[in-house]
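A.B. asks: Encoded as structure tokens, here's the structure I'll be asking about.
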Amino acid sequence: MADAGILTNLLGTTATVTTIGQFLSGMFTVQKVQRQGTAGDISPFPFLMGTVGCALWLVYGQLKDDNMIIYCNVIGTLLNALYVLIFLRYVTNKGDLLRQIIMSCVIMTVTLALAVLNVSTSEATENLGRICILITLICCGSPMIALKHVIRTKSTETLPFPLILSMFLVCSQWWLYGILTADVYMQIPNLLGTLLSLIQLALFAVYPTNSLTSPSRPPSSAEHKYDLLKS
């Protein structure tokens, strides 16, 4: 039992550190948007759903009195919210994103009220756990909204590789943590999240980022002379 407790704490700690690293990996996407001066085809939806998901998991962790869940989701909520605000500056249609932000806040508030008010702590934990499963699956699969664009252009340029890779590492660790703590609400979404992340990572092998969408360069002087000799 003591060994199991040590293993659980160790895995919880590494999962927390990896999760915070995953949240920080969003900076790569944000920096890319800032360099471009526009969001372009990069969607802020993963970060918006990340904010909602982390906030709900934060309350879930408080209900279960699980410090591992609480710590990482406090940081996750703050960082994802910051990323969304940065996107708000660079997206073309700011009104649409602002409406999505307001709607997400309203939905999250109503959801929490329905899940935890006027019920026992155990019932509130179960209600919120089911909701967190759904939100986590949406967060893990949200980069897939760019799937049509990826297939059409045969390039994964618009997919956030650091975010997807870190999501795989995070989900796999929290899945194991859920097994050790016998928490089915940690097991289900993180197992499925691991599988979804693997599918998205496979897209990078099928459609490299430097595929057909990379702009054609002008011929070098040597190439130009070779073409003249052939003609």
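Placed from the backbone N, Cα and C atoms, the Cβ positions cover glycine too.
Small disclaimer: the values here were computed from a predicted structure and weren't measured.
Dumping what TrEMBL says about this protein:
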- 6-30: transmembrane segment (TRANSMEM)
- 42-62: transmembrane segment (TRANSMEM)
- 68-88: transmembrane segment (TRANSMEM)
- 100-121: transmembrane segment (TRANSMEM)
- 127-147: transmembrane segment (TRANSMEM)
- 159-176: transmembrane segment (TRANSMEM)
- 188-207: transmembrane segment (TRANSMEM)
- 212-231: region 'Disordered' (REGION)
- 222-231: compositional bias 'Basic and acidic residues' (COMPBIAS)
A.B. asks: Of the listed stretches 42-62, 68-88, 100-121, 159-176, 188-207, which one has the most C-beta pairs under 8 A with the transmembrane segment (6-30)?
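C.D. replies: The stretch I would name here is 159-176.
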A.B. asks: Look over the recorded stretches 68-88, 100-121, 188-207 and say which has the most C-beta pairs under 8 A to the transmembrane segment (159-176).
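C.D. replies: Ranked by Cβ pairs under 8 Å, first place goes to 188-207.
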A.B. asks: Quickly jot the same-chain residues contacting the transmembrane segment (68-88) by Cβ under 8 Å, restricted to those at least six beyond its ends, or write none.
C.D. replies: 12-13, 15-16, 19-20, 23-24, 26-27, 29-30, 33-34, 39, 44, 47-48, 50-51, 53-55, 57-58, 60-62, 94, 97-98, 101, 177
